[in-house]
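Everything on this sheet refers to the single structure shown next.
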Amino acid sequence: MAKFIFITGGVVSGLGKGITAASLGRLIKSRGYRVTALKFDPYLNVDPGTMSPIQHGEVFVTEDGGECDLDVGHYERFMDVNMGKGNNVTTGKIYSSVIAKERRGDYLGGTVQVIPHITNEIKSHIRRVAEDSDADVILVEIGGTVGDIEGQPFLEAIRQFKNEVPSKDDVLFIHVTLVPYIAASGELKTKPTQHSVRELRSIGIQPDVIVCRSDREIPKDLREKIALFCDVPPEAVIPNEDLGSLYEVPLAMEKEGLAEIVCRRLGLDSRTPDLAEWEALVQRAKHPEREVEIALVGKYVALEDAYLSVVESLNHAGIHNNARVRIHWVDSEKLENGITPEALEACLGRADGILVPGGFGYRGIEGKINAIRYAREKGIPFFGICMGMQSAVIEAARNLLGLSKANSTEFVTDCKDPVIDMMAQQKQVTDLGGTMRLGAFPCRLKPGSKAHAAYGTEVVHERHRHRFEVNNAYLERLEAVGLKAVGVWPEGNLVEVVEMEGHPWFVGVQFHPEFKSRPNRPHPLFRDFIKAALEYRAGKK
């Protein structure tokens with residue numbers, strides 16, 4: 001029988017429940033157990049695919065094409081386990097399933113209600129993930145904060161779930177809460193935690209472990225106070241103070257004994273964790289030998305979480321290259337409207353590498369094109385992802401081929417030279433949600449290319465999220481001016497990778513390599529991009 005760990009949050013949102021779940025998953029896996037994770041999001045959207053990145057952060061794409069919450073990315077990176085569509089479920093998805101069953105007559109004319117029908121659907125999904133994953137331990141994160149109206153069905157479902165498992169030792173509840181510091185009085189306050197736990201207990205859930213987030217060390221006497229008022233053992237009050245890196249969190253939690261408490265409470269054999277690789281990783285991250293600066297040119301830079309996996313992939317590559325990656329955030333809109341060469345130089349001149357990530361819509365696109373031209377002409381390492389690659393194609397068409405009206409039909413439907421066009425199979429699609437080219441597809445790389453050298457193999461599988469592609473009608477002319485197609489989808493001759501001939505490192509990819517990077521196994525393209533940026537930096541001195 002699998003074991004289930006339910007993780008809830010209190011006081012405020014954004015405390016790091018996902019990092020807590022991911023870190024604990026890593027610690028349990030390091031003891032030789034199979035783990036997986038499931039995130040419940042209480043919003044009514046069926047998935048985050050159509051949500052604004054500025055509101056929600058990035059959409060993480062799984063191998064099977066699931067458009068998921070960014071916490072699923074944390075799960076994959078920390079646990080080094082591929083997740084799928086089923087590992088992120090929203091209220092919208094639960095209600096859609098229940099309503100579809102009602103329309104089919106599955107409820108035999110019964111009155112469909114939140115209890116038991118919605119809660120049963122939630123519990124059914126938890127069991128399905130357990131069966132499909134064959135994991136020993138399933139970590140289930142409940143999004144939002146205890147007390148939110150939207151989250152009530154999920155909390156009720158997990159309360160019921162505990163009463164339905166064969167043994168009470170099969171379920172454990174962890175509550176992540178805030179212990180704020182009040183500067184005026186110079187004190188850490190436990191009252192918000194007490195009230196949050198009281199709210200949780202009022203619906204029938206008694207936490208077994210309380211993880212206390214704070215910006216500083218929590219003294220022993222305050223931990224004992226929380227234990228007393230919240231009815232948990234003192235050792236089950238786990239401090240989780242701010243650290244220099246996310247990757248330090250598993251080691252900090254191991255030091256506090258979280259995994260041992262969890263294993264003991266769930267009746268799992270105590271095993272010695274194998275964290276040597278993770279410890280070495282953290283040490284390299286804390287003591288880099290050099291620095292490199294990357295200009296990240298995007299339209300969603302107001303919220304850094306919109307590019308979370310890109311940032312983490314840069315960090316992974318930096319760790320591998322013994323370098324601290326400093327990101328210079330550049331709003332692509334500020335590079336538009338006839339920006340002068342001097343202003344462009346002032347904005348991008350200090351960069352050792354320029355990265356243009358994915359995105360949608362025309363806003364900011366001209367600024368991205370200006371940044372790409374700057375990288376191409378100055379010989380600065382460039383990495384374009386999804387729209388970043390498409391922007392590189394438009395830049396080459398305009399400034400090397402002389403097609404001044406070159407554009408994407410995403411922005412100008414009747415443009416004179418549509419060097420980027422909608423994929424044929426997308427032209428009849430009307431709904432936006434879940435209809436893009438999603439998930440992992442093969443790509444065949446050309447030997448001798450930088451991409452082939454990075455991967456060390458001819459066929460790779462990468463994750464996608466797009467509707468538009470390079471228009472092959474322009475490919476021969478683009479290649480004639482130096483923009484080479486060095487990677488294609490074998491089944492449809494779709495251009496997946498382009499490189500600029502004669503440039504030190506200029507690579508654009510249609511896929512999203514950031515979704516497959518791991519702290520201990522950086523993505524080959526990010527690894528080589530940072531290496532090229534370091535070489536460029538060394539050459540400037």
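The backbone N, Cα and C atoms fix where each Cβ goes, and this holds for glycine too.
Site annotation for CTP in Swiss-Prot covers SER13, ASP148, ILE149, GLU150, LYS189, THR190, LYS191, PRO192, THR193, GLN194, and the matching candidate from LYS39, LYS220, LYS225 is LYS225. Together with GLY14, LEU15, GLY16, LYS17, GLY18, ILE19, Swiss-Prot lists one candidate of ASP69, ASP71, ASP80, ASP106 for binding ATP, that being ASP71. Residues GLY359, MET387, GLY388, MET389, GLN390, ARG467 are given by Swiss-Prot as L-glutamine binders; from GLU342, GLU345, GLU410, GLU479, that same site also lists GLU410. With respect to their backbone Cα atoms, MET389 (L-glutamine binding site) and HIS512 (active site) stand 11 Å from each other. Using a 10 angstroms CA-CA radius around THR190 (UTP binding site), the binding-site residues that qualify from GLY14, LEU15, LYS225, GLY359 are LYS225.
Cα-Cα distance from ILE149 (CTP binding site) to GLU141 (Mg(2+) binding site): 17 Å (rounded to the nearest whole number). Ranking the binding-site residues GLY18, GLY359, ARG467 by the distance of their Cα atoms from the Cα of GLU514 (active site) places GLY359 first.
The recorded positions examined here are ASP71, GLU141, GLU410, GLU514; by Cβ neighbour count within 10 Å, the least packed of them is GLU410. Rounded to the nearest whole angstrom, the C-alpha distance between ILE19 (ATP binding site) and PRO192 (UTP binding site) is 21. Within 8 Å of the centroid of the Cβ atoms of GLY359, MET387, GLY388, MET389, GLN390, GLU410, ARG467, where the record puts L-glutamine, the same chain has further Cβ atoms from GLY358, PHE360, CYS386, SER391, SER408, ILE420, HIS466, PHE468.
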